[in-house]
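Below you'll find the structure, written out as structure tokens, and then a few comments.
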Amino acid sequence: MSQEKVEKLPVSLKAGWGVGALGVSVLMNGVAGVILFYLVSIVKMDPAVAGTLIFSFKILDVITDPLMGRISDRTVSGMGRRRPYLLLGCFVSTISMLVLFNVPDWNSGNAVLAYVSFGLLIYTLGYTIFNVPYITMPAEMTDGYHERSSIHGYRVVFISLGSTVGGALGPILLQMYGQTRETYSLIASLKAVMIFVSMLACFYLTKKARSIVRTEVTPKFLQQVAHMRKNQHFLKILAAKLIQLIGIFATQAALFFFFLNALQVPETYIVVYGISMTVSSIIFAPLLVRLSKRIGKPNAYIVCGVIYSLNCLSWYFSGPGESVWLIGLRGFITGIPFAGNIMLAMSMLTDTIEYDARKNGVRQEGIFTAMYSFVEKFAGAFGPLIVGLLLSFAGFDKSLAPNAGQSPEVVSALLLGMAAIPALTSFLSVLIIRTYTLDEGAIEAVAQGDAGPAKPLASPAE
């Protein structure tokens, strides 16, 4: 019997882990995709100030992400190394959504700035506490090369669902009740419920997930960093995702502005775009798993990257009053690379972790995924910073209604965020992945006799 058949995980466990991604998606996209628009158009902050503020708090992740990874690597508990933080992160993340989108209407700009800073701090900590241990778990759950892709396939489905439900909720309610502080407060409350339920469900449904015994001697932090720098496969994945995610988050930050201020279409068109993307992601996720088995994970990733670049550039052919069908078509096409890039990048990440553990005999999943999470969140802050600065330099008029048309200079700036920047960053990430060579054979070829996988620790529930 093949290794893949022996190590195949039950659907209930993969789905139980995957459901946590719904909460992460609502949390990340609910903030990254809306916070800049909310602070600029509703709270009336300067675009450059808002973008810089969002970015500045991500610098904190330089400390918190590696620290969280190290803490979870060293944790010994009856719930395993990672799961205690899923529970804690669930509560902190839920609170952060409520705080961020209930900014008081104070006259003092400094007071508003302090309040928003506090909200961003809680958000940063909540996301770190949950997500760093969460994305570490697949590396421990199985040793199967293709089974890791299958696990992340479930993650893609729940990310897509979270993006759609969370993404559709806002535009629909804004269309019904208007662009007001009260509407955003209502949206945040509903999203907070989604975050809490999905993250808590993930905690309970992963009770039987395999954990790994902590190594007897945990390397010092600087030794771990030096160790990571020697893993060229990991560094290539890290570089590719950093570059690509900057473009993706720039698009997210520009999306609301672009649809309302450039295309001048109703908020519900964003719903059409999101639903089309989700349907496509769910359809193509299992097909992309098969494609990766046939042509390899890096080549499948490259295909997705090229599709994404070309689709981004198509926004240059759009204009005011754009057809809802064309917007839906772009969303459907976006769903293909969306599914592939998330699933394949995370699968390759866990491959590099498994390779490292087999080669060196030390399980350091937490510190690896912490660096990956930092890259993800840094890009999530850098994208809005770019868009905020572009809008400020282009002369965005924040005194106008949130859905009012803006100047041609502002529209050109938004096209940079929606089309040119993400197309370029995706293409650059493809060039990096072309040099990635780690495959199933390379992992199996590691001298396991000298440094085999760490011994599994039976689940407390078993």
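Heads up, the Cβ atoms here are built off N, Cα and C, so glycines get one too.
The feature domain 'Major facilitator superfamily (MFS) profile' is assigned by TrEMBL to 9-437. For 21-41, 85-103, 115-135, 156-178, 184-205, 238-263, 269-288, 300-318, 324-346, 367-391, 411-433, the entry in TrEMBL reads transmembrane segment.
The transmembrane segment (156-178) is not in contact with the transmembrane segment (411-433), judged by fewer than 3 CB-CB distances under 8 Å for residue pairs 6 or more apart in sequence. When Cβ-Cβ distances under 8 Å to the transmembrane segment (238-263) are tallied for each of 85-103, 115-135, 184-205, 324-346, 367-391, the top count falls to 367-391. Contact between the transmembrane segment (367-391) and the transmembrane segment (184-205) is not supported, since fewer than 3 Cβ pairs fall under 8 Å when only residues 6 or more apart in sequence are counted. Under the criterion of 3 or more C-beta pairs below 8 Å, with sequence separation of 6 or more, the transmembrane segment (269-288) and the transmembrane segment (324-346) qualify as touching. Across all of the domain 'Major facilitator superfamily (MFS) profile' (9-437), the predicted model scores a mean pLDDT of 87.
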